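Here's the structure we're looking at; comments come further down.
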Amino acid sequence: MLYQSETLQLHWLENGIAELVFDAPGSVNKLDTKTVANLGEALNVLEKQSELKGLLLRSAKTALIVGADITEFLSLFNAPPEKLHQWLVFANTIFNRLEDLPVPTISAINGYALGGGCECILATDFRIASPEARIGLPETKLGIMPGFGGSVRLPRLLGADSALEIIATGKDVTANDALKIGLVDAVVDPEKLVGSALTMLKQAIDGKLDWQAARRPKLEPLKLNPTEAAMCFTIAKGRVMQVAGKHYPAPLTAVKTIEAAAKFGRTEALNLETNSFVPLAGSNEARALVGIFLNDQYVKAQAKKLSKGVAAPKLAAVLGAGIMGGGIAYQSALKSVPVIMKDINENSLDLGMNEAAKLLNKQLERGKVDGLKMASILATIRPTLDYAGIERAQVIVEAVVENPKVKAAVLAEVEALIGEDTVLASNTSTIPIDQLAKSLKRPENFCGMHFFNPVHRMPLVEIIRGAKTSDKTLAAVVAYATQMGKTPIVVNDCPGFFVNRVLFPYLAGFGMLVRDGGDFHQIDKVMEKQFGWPMGPAYLLDVVGIDTAHHAQAVMAAGFPERMNKDYRDAVDVMFDNQRFGQKNGQGFYRYTQDAKGKPRKENDEQVDKLLAEISQPLQEFSDEDIIARTMIPMINEVVRCLEEGIIASAAEGDMALVYGLGFPPFHGGVFRYLDTLGSANYVEMAQRYAHLGALYHVPAGLRAKAEHNESYYPVAAALLDVSTNQPA
């Protein structure tokens, strides 16, 4: 053994060939600050070996390196810029030393080589992968860009076009795709990976492979003539602006950095990369996007903890077909849980099966399933007009019309037919679970399971705990949601639960703004382009359905009359009274026609302005700041109330529910991250300017207390490790 640390080992293989093995404690290798330092120490030893002829780099795990340790990121980002710059120079010096070894080097890639793992293999002369390997640089998805030379070496290895695609999108590539673009030199069976890498290394040592020629382009300027460069980078910048937009600066910064570095060799190009990385790391967007990654890990860990030891059901049932029931049945069947789909109406069953077939057809067109697989998945959905076999289902999801009497009757009816351990869940969006539980003899076996539409796309499932819901019931439903590929978040019961409870104050703020003369076109534009929502409130109402929103609005007003009751007709009332229900009937705030692909195309409708004039002040232009404040303050206040009342258990779960359930702009990180970015005191001061508008704008006491004590919702990350001593700075 030449060198050994907690995360890697260096030893001789044979005849002057050394092997560097990444083998950290735990299930995966990460390129954390400690491992980077350990790599430097291993190179110290290696550089002194006069008999060294070659180096093979591999992993003892099922993946090479899954990336940097993202739990360290916020600490790094909170460091003074000069400290972060110093650490990046330190790290890049180590990767340069790996690249500059006076012998050929090769990486054997099994599983993932992402982020810093990808940058590490780029520093070797050759790369060989097993078929399941995936390689990529996902940093731009986290609001940053490669920082260990990825933006320098990848373009020089692959050419600018392929490198820009990988870096700007943050997507990883398969081993076979990596072979096609020149990212790896060979793909071999897993059992032959190390042997083949050793053979290739020996060929390089014997002069049969020119390892110096493989290394040379990575040290030199990018080989592009001025015309090619202008075309390549102009197209890339245009594409990035179109896809990422102004709220996600990292992809464009990466493209511009690669462009600026193209004419330089490695040293100057790395300096440019570091100089671009540091400001990105200090940005609010990076903190928010890294925060989302960490919150996602936390939420998934909570789900795993809740459902520990509980298997997903072998058979499920959905009561109520149609689009929603069909979507739930499809998702269940797709993820290998057979499902009974029951309805009282043959047409609804046909609609549900057609929905499942349509979604599977899309999978077929994309090559995700073949015809045989599609048929076998569809065969696991059993449509039925009666309850035959329902007693065999372990979890039953009620998804009938959003009417408390109908839901209660259906739940009571099915409960009489099933065993004492069968779990019942209601896919209600607003009706309190405790209200529905009154019709049941075994309320401990009952909870809410709120899917979002469209089911196959929306990652969130709200699991609603009623007053009598047992832990066993929650565990079973969380296990089912997880098996379905969803992110379950447990919330406590109240009208609207969490997501809809906080959505309707936002829509109420919109309604008041329109009442006071706001133009809904301008409001939508500001909330989409400036704040970053995928769709503005008027467009969202059309997509949700004006009739659905009108009904939910009444439920919320009854549940929270002190804030959500209103004594005036609003825009939703006007649309509803005029039977403008949104996309479902082709007219709402906007008019909808079908495009060539059969998707709804939004168009302006002058008739709407005339209808809204009945309930609005004369049109006036509000500032972007006013529009954002008047719509967002009610939502933010309600989100905070939900945490203070224990409806949600943590800021992390609240923020993930908003991002996954409502499409809250990820670059803000969720309401709690947004508040931490603004500063609680700044937010309270802003909200007070709108307090005259009513109770929805009154800041909750807990948030006022945080403002007074200068507290945040998320803990402040500790300082960056000092690069020379590995101790907190």
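Quick reminder: no glycine exception, Cβ is built from N, Cα and C everywhere.
Computed from a predicted structure; not experimentally measured.
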Annotated companion of Asp343, Val400, Val401, Glu402, Lys407, Ser429, Asn453 at the NAD(+) site, Swiss-Prot, chosen from Met324, Met374: Met324
Please find, for Met324, Asp343, Val400, Val401, Glu402, Lys407, Ser429, Asn453 as listed binding NAD(+), the greatest distance between any two Cα atoms, in Å. 19
Here the Cα-Cα span from His450 (active site, for 3-hydroxyacyl-CoA dehydrogenase activity) to Ser429 (NAD(+) binding site), rounded to a whole number of angstrom, reaches 6
When DSSP is mapped onto helix/strand/coil, what comes out for Asp343 (NAD(+) binding site)? coil
Argmin Cα dist to Met324 (NAD(+) binding site) over the recorded positions Glu119, Asp296, Asn500 returns Asn500
Excluding its own, the Cβ atoms lying within 10 Å of the Cβ of Met324 (NAD(+) binding site) add up to 22
Quick note, Glu402 (NAD(+) binding site) and Asp296 (substrate binding site): C-alpha atoms separated, nearest Å, by 30
